[in-house]
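*Asks:* Before I ask anything, here is the structure I am working with.
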């Protein structure tokens, strides 16, 4: 793409050098620390005289496949709604997730599975790494179109560390239950990205306003991402829950919640839409809020009715957020939320955390029976009451918001370093800044500027 020679040279070197450095450093750390766990290592597995059918691979890998498809296909295509940013939406999703899953294997490994001087990995490590990558991609949605790939890799480098620490504090130190990640994934990823976007605020972004919308075919491709996410979300929430009734219940609650959020979204979209017409932005995003809102409580005894009610509420709140709150977020709070992650992940994530507080507080031995140990082991052991568990669930939400806000602020300062390449204000949401785009897709209105204006450089 045309531009100053120094800027083009910086772009040519910055991404390759950063990719090579990050991959090289990760490879060295893998060589030193990462080993197969006892369910993956040939010698250790067969030493135990186990049947191959008992290996956790056969129980967990189907869920991993679904989660993997959500991360790379669902999230990637959900963000292709921008008319001139499809290559970047899918391509940078691919890049970020590929790095994040490696880096998070190390970070989470040091925190959760570090024994005898090594990190031990298996299929559950893959699922956890994909969960972390999902949080990074949620944050990416808030700054979509306004950042370069080198900036995004540095964002992931920081966010993965903070994600791992926050998850460790909630799940291991506080004993919070969050099977589907309403707090650890959605709330953390959303508010990390929103604070990051606030720090990177661009007052002259109006110069790229004409590229910020969608066209017919870009919305259609984005709907592919929605359908992938919608279909596989029960697997996402249940991927790491206790096998048996717990996993079964988690998938069922998510299934009903998604269905109800879809109907709520269609209803509200037509109600608030111009001339009673549906808005594809609402359908693409708010219909998924049902999966987010039951992330914390889906393994609990939420009841099918509770799942339907939660999903419907999430769908309506998310739709209203896209219609009314997103413009306020930009005009009053100076948060330029490209994908509306506050509406799809932020608000439903907080609602999901609060729903978890309520359902945890109602937990009794009569309701759960012997299953109480797999959902609330500390209550089953008599180490805490249901009320104490509920209070710690609420405190976990506060801790998550704190980590996300501080981390997003630090990330914003890091990404504002002047030597990092980012698109100028006049060329945001434009693939040709970072990609070779086929010539037939150019027209006079979309052809890149020959000379970049100094006053629009980020």
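Backbone N, Cα and C atoms are what each Cβ position is placed from, and that goes for glycine too.
These numbers come from a predicted model, not from an experiment.
If you look up Swiss-Prot, you'll see 14-34, 62-82, 87-107, 125-145, 150-170, 179-201, 220-240, 252-272, 283-303, 305-325, 347-367, 394-414 marked as transmembrane segment. Residues or ranges marked as topological domain 'Extracellular' in Swiss-Prot: 35-61, 108-124, 171-178, 241-251, 368-393. The region 'Interaction with ANK3' annotation in Swiss-Prot covers 416-424 and is backed by similarity to another entry. Here Swiss-Prot flags 429-432 as motif 'Basolateral sorting signal'. The region 'Disordered' annotation in Swiss-Prot covers 439-458. Per Swiss-Prot, compositional bias 'Basic and acidic residues' is recorded for 444-458.
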*Asks:* Give the nonlocal contacts of the topological domain 'Extracellular' (368-393) in its own chain as ranges (CB under 8 Å, at least six residues past its ends).
*Replies:* 174-177, 242, 244-246, 296, 299-301, 353, 356-358, 360-362
*Asks:* I need to check the long-range neighbours of the topological domain 'Extracellular' (108-124): which residues 6 or more away from its ends have a CB within less than 8 Å of a CB in the stretch?
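*Replies:* Answer is 33-40, 56-57, 60-61, 64, 132, 164-165, 167-168, 172, 240.
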*Asks:* Under 8 Å, at least 3 Cβ pairs, sequence separation 6 or more: does that hold for the transmembrane segment (179-201) versus the transmembrane segment (62-82)?
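*Replies:* No, the transmembrane segment (179-201) does not contact the transmembrane segment (62-82).
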*Asks:* Report the listed stretch (150-170, 283-303, 305-325) having the maximum count of Cβ pairs within less than 8 Å of the transmembrane segment (347-367).
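*Replies:* Top-ranked stretch among 150-170, 283-303, 305-325: 283-303.
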*Asks:* Over the topological domain 'Extracellular' (35-61), what is the model's mean pLDDT?
*Replies:* 89
*Asks:* The topological domain 'Extracellular' (171-178): which same-chain residues, six or more beyond its ends, come within Cβ distance under 8 Å?
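*Replies:* Apart from its flanks, the topological domain 'Extracellular' (171-178) reaches 111-112, 184, 295-296, 299-300, 353, 356, 360, 375-376, 378, 384, 389, 392-393, 395-396, 399.
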